[in-house]
Structure formats: structure tokens, C-alpha cells
């Protein structure tokens, strides 16, 4: 199984999480699995698989248990606390020259990774760029393959005749073994086989988008000054439009240089111009601009961009691609240059939103400064038994509360008595009677819906027992500290 990589040769790390819910900041991971391959998808190592049990301030979404079949009690028996779980993943991801790839990982799995690292004093970002690392998302490549070069792949459709990009549907339609969907290891194997299929059937497309996955390479496709249109493949445009459009890059965002402000040339540009001429800038919302055709492309999220020449003559009817009309619209934008500055200024509003008071939701408020980064590294290298001795002068106000939660969630026994009381009170406040009543009602409702399904009934019954056990545990901790 083991293959030896040449120095500086790219390797792929295919990975997937199963989680206890769909919120990437507030919900918790249940399982991580990864498989490392060489550039030709030959497996180089045994799969890595880790489980993580939830902390005392959290209960899983019952619906997630029914999807994955992973109960919190199972993770308590076979898994780690979130710090140990995160550290193991960190060690896997940081291997040099790794392209970290999954299926919908840019929007989901990578966000889970960032958030667990943020909560556990590991750098949330360096895993994706340090040591010549990068990331990529096969789901976006699959969408591009369907839109631009669909031959050679069997495409599942829904009842409306629209393409479905669910991993389990694609594997079934293309006779790819996928023995246990929503088990992380099974999903990783299936993703590798799907990548092999696309590379085999459409090698030029695969290699092109692999080459243009990083910001520096993507910037070579963008020429704002010459008003050069490009193809953008994204779920933003919807399946009716083949998840694709021709866009015109306008400018870089004033606040975030990773964001390319563009116009969707499929839309009626006249409407946008009239609207911006007749409505005061103070009354124009970001939603207004999006509805009228403004599109934001995040270059740090591996967007699928390509030159307009990728559309062949035989593709134009299938894609309803009207090159002549797009260039007419570009000329209209040139004549109304005021649009560009107006849009940039309206988009500045998006950065004026109030931040959440919950530190778990504050990962993107700002980057930590050099001083705090050094303290974060120091914490990550400190034994749990020595954490209580640390004297830390954080500059960023988030870190004091993060450090407290980090200790409480992972190493409760090292807390001082007053800290234990504070944590237990926080847990009781989070799992209050109103929340628990609604939570138990949801489980009982699902028990009625799935009364015919023995497996799901057992999962929900086990979860109900877990809820009472957890509340009793937290309640008795509170009694003992009183």
C-alpha cells in the first residue's frame, strides 16, 4: 500500500467529517476520516479515522444521529475530547505538499476544521497553505464537468430532470462502490473513486482546474482593466442554469482583497443601471445588488473560473450561451462606469454588521496579532496539568473566554472551584428547561415518525437516555460544588 513520494511532489489528502449537526461553528464533529494518495490516486497509507465526543454544554441534533448512525455514547467509548481529536487531525493535515480535498469541503468540512482548531488553540488557517499545502473541492469540479464537459459520466437527475450532485447518487449511477453513505471512511473512498473517474474521462478539464485552484493562478485568468469576461461555475446560479454563468470582473472588494466583485452577464444589466441611477446609495442594500446581478467570487475558496474560450461551438445551445449579447452588456457597463464605485461603496456595508457575543461564533471577527499567536502556540504545547499555572496577557478580548471554554470542555478537572461553578452554570443556562423541553419534544416527534423503523427507534431511544444522563451529570456536578 505504501508508495514513496518524490521530494516536493503533490499528494492528495481526501477527508470527510460526520457531525452532530450542520452548523459549522456551533455544532460538533463526531467522526473524521482521511486517506492519503499520490497524484494518480494510488493509496499511500492506511485510512485515519477518529471519533470525538461532545462537551457538557452541547447536545447533538437528533436528525444528525439518524443520518450518520453515530451516537454520542459511541463517541464517548471510542473517541477523544475535542482537543485531542483536533490535534490528531492537525498532525495529519500539516504533512508537506498536501492538497486537502473533499466533497463540499470548502463550504462544510474545511469550516469544521477551522472552527475546531480555533476553539482548541491551533492555527485555524495554516494547515491549508503552510508547507506548500493547498485545498480543493471535488464537488465544484463535478459541477464544472457537468456544465462544460459532461460526456463520459452518468449524471443522476431528479423528478424535474435537473442534475443531482449528491455523492451517493453519483456513485450509484456510475457503479462506484459506496457501501455505507454517511460513514466518513466510506465517503472518502467514494470521493477518491469519483475523482479517478473524472480524471480518466475528462483529463484536460481535471488538470486545468487543479492547476487553477490557488489565488495566484486564478488571478492570471482575471483582467479587470480590459473588461474581459470569464466563465464561473457555482451552485449560486442554480441547476436550471447548469450552475454556470459568464461574468464580468469589475473590481476587488475594498475591505477584502480575496473578493472579486463581478456582474452576472446573464442578468438584465439595464435594470441594474436604472436602479442605481434612481435610488439613493443610502437606500441600496447588498441584497438589491445581488438580485440585480452583482456576484462576489471568493478567490480563497477555490472557485471554478475559466476563460470564455472554454465554451465550444457545440456547447452554446446546450448552455444557452449568448456571447454576442454578453459583449453588448459589457459595452453598457463601460458606458456606465459609475456603477463600479457605487457597488464597491454599497458592499462596504456588509462589514458593518454587529459581531456575535458568543465567542464560538467570532472566528472571522479578525486575525490574531503576532503577540497572541505566540501565546496560542504556547498553550497548544502545554500539558493539560500545567494550563492552570499559565499567566497569559491576551491582547484580543476573545482569547480569555476561549481559553476558559477550552479548559472547561477538555480538562474540567484542572479548573479551580470558582471556574467549575462558572462552567456548570453556563452549561445549565445553555441546556435550560425551555431548550430541553423542545429538544425532547423533537426526539419524541421523530420516534412517532419512525415508529416502523427499529434501527432509528433504537438510535433515538439511546439519544433520549443520553440526554437524561448528561443533564443528571451536569446537575450533580452543580450540587457537589454548591
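Heads up, residue numbers simply count up from 1 along the chain you see.
Positions of Cβ are set from backbone N, Cα and C atoms, glycine also.
These features come from Swiss-Prot:
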DOMAIN    13-194  domain 'Exonuclease'
BINDING   16  Mg(2+) 1 binding site
BINDING   18  substrate binding site
BINDING   18, 187  Mg(2+) 2 binding site
SITE      114  site 'Interaction with single-stranded DNA'
SITE      125  site 'Interaction with single-stranded DNA'
SITE      129  site 'Interaction with single-stranded DNA'
SITE      143  site 'Interaction with single-stranded DNA'
SITE      149  site 'Important for interaction with ssb'
SITE      182  site 'Important for activity'
DOMAIN    203-351  domain 'ExoI SH3-like'
SITE      215  site 'Interaction with single-stranded DNA'
SITE      258  site 'Interaction with single-stranded DNA'
SITE      300  site 'Interaction with single-stranded DNA'
DOMAIN    355-471  domain 'ExoI C-terminal'
SITE      364  site 'Interaction with single-stranded DNA'
SITE      367  site 'Interaction with single-stranded DNA'
*10 Å Cα neighbourhood of residue 187 (Mg(2+) 2 binding site): matching recorded positions from 16, 114, 300*: 16
*asked:* Per DSSP, what is the helix/strand/coil residue tally across the domain 'ExoI C-terminal' (355-471)?
replied: 85 helix, 0 strand, 32 coil
*Helix, strand or coil: which one is residue 149 (site 'Important for interaction with ssb') in, per DSSP?*
coil
*Euclidean distance between Cα atoms of residue 300 (site 'Interaction with single-stranded DNA') and the residue listed as 'substrate binding site', Å*: 24
*Take the Cβ of residue 187 (Mg(2+) 2 binding site) and count every other Cβ within 10 Å, whichever protein chain it belongs to.*
25
*Based on Cα coordinates, which of the following recorded positions are within 10 Å of residue 125 (site 'Interaction with single-stranded DNA'): 16, 114, 182?*
114
*Which residues, sitting 6 or more apart from residue 16 (Mg(2+) 1 binding site) on the same chain, put a CB under 8 Å from its CB?*
32, 33, 34, 102, 103, 105, 109, 184, 185, 187, 188, 191
*Would you say which of the recorded sites 125, 367 has the most Cβ atoms within 10 Å of its own Cβ?*
125
*Which residue among the recorded sites 258, 300 has the fewest other Cβ atoms within 10 Å of its Cβ, if you could check?*
258
*What three-state secondary structure does DSSP assign to residue 18 (substrate binding site)?*
strand
*asked:* Considering every residue in the domain 'Exonuclease' (13-194), what is the mean pLDDT value?
replied: 97
*What number of additional C-beta atoms lies within 10 angstroms of the C-beta atom of residue 215 (site 'Interaction with single-stranded DNA')?*
16
*Of all the recorded sites given, namely 114, 182, 215, 258, which is spatially nearest to residue 364 (site 'Interaction with single-stranded DNA') at the Cα level?*
114
